[in-house]
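Database features, via TrEMBL:
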COMPBIAS  460-470  compositional bias 'Basic and acidic residues'
DOMAIN    21-425  domain 'Major facilitator superfamily (MFS) profile'
REGION    204-223  region 'Disordered'
REGION    460-481  region 'Disordered'
TRANSMEM  20-39  transmembrane segment
TRANSMEM  60-82  transmembrane segment
TRANSMEM  102-126  transmembrane segment
TRANSMEM  147-166  transmembrane segment
TRANSMEM  178-197  transmembrane segment
TRANSMEM  239-264  transmembrane segment
TRANSMEM  276-298  transmembrane segment
TRANSMEM  305-323  transmembrane segment
TRANSMEM  329-351  transmembrane segment
TRANSMEM  363-383  transmembrane segment
TRANSMEM  395-420  transmembrane segment
Amino acid sequence: MGGVALDDGSSGVKAPDGGWGWAVLFGCFIITGFSYAFPKAVSVFFKELIREFEVGYSDTAWISSILLAMLYGTGPLCSILVNRFGCRPVMLVGGLFASLGMVLASFATSIMHIYLCTGVITGLGMALNFQPSLIMLNRYFSEKRPLANGLAAAGSPVALCCLSPLGQVLQYEYGWRGGFLILGGMLLNCCACGALMRPLVPPKKPETPGTENTPDDGNKKAKPKPKLLDFSVFRDPGFVIYTVAASIMVLGLFVPPVFVVSYAKELGNEDTKSALLLTILGFVDIFARPTCGIIAGLQWVRPRCVYLFSFALMFNGITDLVGSLSKDYSSLVVFCIFFGISYGMVGALQFEVLMAVVGTEKFSSAIGLVLLLEAFAVLVGPPSAGRLLDSTKNYMFVFLLAGIEVVVSALVLAICNLLFIKKKHEAPETAIENGETVEKPKDSGDLRAENVMKDSTEVETFLKDKDEQNKNIPCSPETKL
């Protein structure tokens, strides 16, 4: 984890770092926005659902929870499907599922139908789009990958700023059923984004004359069949450390955005004024993610992106700890500004670090396994914070708990990386970019040529010695014979 693994992709094609990759980046931007912002945007319709089905707020809150659980928990399934069918077909099917779930939910007659349609079906469709888009982004970008990850991650706050007001307008004009139907139509754009994920194809090698009908001599080894889910990533200590740290991080990372509006209301602020805090947080987040991506791509910083990620987590956790002392609206505004910066840094770096740890070839399996383990933390984190609030009636303890959890994840990531991970040897291309001289490793052909040269030199020396010895031997009939 101390070094960066730069791969040419599972297809053996070097990442183009541009060209069609910018179209892939645009598709990933849209998919990331839908995946992370949609569960929050759906919450706009909760009041009408409570009135329609005569249920409580906790019942409707399960809709967003199931959406997030499907987004994270189906990671291994997405990995298997991507390794079996490829990214583009999986995303096209996922877009249809995401749209179908919202369309069916518009005809629901009970809250259970909403759970099944919006939560399970739409959540599965989101997952089938989110993970493959990140995999394709990793294959198209190598040198510019940190910037690409930062730009793609910016889709989340941008979509949140757009979808929440749109949901309010749809609810006011068409009710929750019409709003669900229109949102379902919008989710068909996921299919268009999936169509952009064109697989990388290796260039055709020019045929030389006389080799067109060369028979196979049987010496070529057959390519090993790719694994549908590669569990060998757990043998990498860097991946294990990242997974443990990320699981602890998720326990507290999403808690402050959930409770900051209620915290402001508790201090006696109006609803609209309290809701403005999330707008401030999202606006700062939009600019923080691309900026952090640019910083992570710097020549000196990129080999140490793990430590930059650890710093971002520490920054976020300390912001939570200081924010727990807020006593008025102005202090909460300052908290949201700093939280938006740190939250954007974490969002821009979390998958970039995972890509650097495992490389392109194993990333499709690694991200699925990481998301599965994070799913348990996502389901435990906010509810446990809510129980703490119910028992203490004090928001300070909620923010303290979240901050402690994020700080612990930062310490685990940094300390374990320093103690247990030896820095990987950089690829020659990376070392040359950093201005270092690299001795190219000798392959077996070079070694065989060296051995032949050594043998021929020894033979010539031996023959010369024999000639010198023969000159010193006196001539006689026997020697002449």
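Cβ coordinates come from backbone N, Cα and C, glycine included.
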* To do: Sort out the residues at least 6 away from either end of the transmembrane segment (329-351), same chain, that have Cβ-Cβ distances under 8 Å to it, and list them.
  => 134, 146, 149-150, 153-154, 156-157, 246, 249, 253, 256-257, 260, 263-264, 267, 269, 273, 277-278, 280-293, 296, 305, 308-309, 312-313, 315-316, 319-320, 322-323, 367
* Structure fact -> Restricted to the domain 'Major facilitator superfamily (MFS) profile' (21-425), the mean pLDDT of the model is 83
* Check the transmembrane segment (363-383) against each of 147-166, 239-264, 395-420 and return whichever range has the most CB pairs under 8 Å. => 239-264
* Asked: Looking at 102-126, 147-166, 395-420, which one has the highest count of Cβ pairs under 8 angstroms to the transmembrane segment (239-264)?
  -> 395-420
* **Surrounding residues of the transmembrane segment (395-420) on its own chain - C-beta under 8 Å, 6+ positions past either end** => 1-2, 237-238, 241-242, 244-246, 248-249, 251-253, 255-256, 259, 262-263, 266, 306-307, 309-311, 313-314, 316-321, 323-325, 381, 384-385, 388-389
